[in-house]
């Protein structure tokens, strides 16, 4: 890959790698809680603490593909910097959700709701990028400069 191409995706790649580390952390928590309860083997049933850790991890895993698609779509189609920032915010919120789910479940609700809003923001960025592509294609008008001006301020 040439330097310009790497420069266009490096922030997205960094956020993706951080998300992989976070997934590893969540999986480690599930494994640790399982071994604490069941000795050396992994079981899907156990105490309330294990059920909470396992459910929180599954909820995060279920939303992960959607997050990755929205992150990369928004970054490639619209603008890398705000997409990467939104991705970092999503990872922070997902961490808050995971930790909140381990305590009282109502503590996880703000993280869940804010995470949905971040996914919506990334979706709207992707739509703006697609809309801009068709504006250029049909009308020759490029709104990407306007979008970049708004997102860099």
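From the backbone N, Cα and C atoms, a Cβ is placed for every residue, glycine too.
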Labelled intramembrane segment by Swiss-Prot, one stretch among 108-115, 132-139, 140-147. Can you tell me which? 108-115
Which listed span Swiss-Prot calls transmembrane segment, if the choices are 38-50, 116-128: 116-128
Residue 34 vs residue 106, same side of the membrane according to Swiss-Prot: yes
Counting only CB pairs under 8 A, let me know which of 9-30, 53-77, 81-102 has the most with the transmembrane segment (116-128). 53-77
If we skip the immediate neighbours and take only residues 6+ beyond the ends of the transmembrane segment (81-102), which ones have a Cβ under 8 Å from one of its Cβ atoms? 11-12, 14-16, 18-19, 22, 26, 29, 49, 52-53, 55-57, 59-60, 63, 67, 71, 74-75, 108-112, 114-115, 118-119, 121-122, 125, 151-152
How many helix, strand and coil residues does the topological domain 'Lumenal' (1-8) contain under DSSP? 6 helix, 0 strand, 2 coil
Secondary structure composition of the topological domain 'Cytoplasmic' (103-107) [DSSP: H/G/I, E/B, coil]: 3 helix, 0 strand, 2 coil
Within the same chain, the residues 6 or more beyond the ends of the topological domain 'Lumenal' (1-8) and with Cβ under 8 Å of it are 76, 80
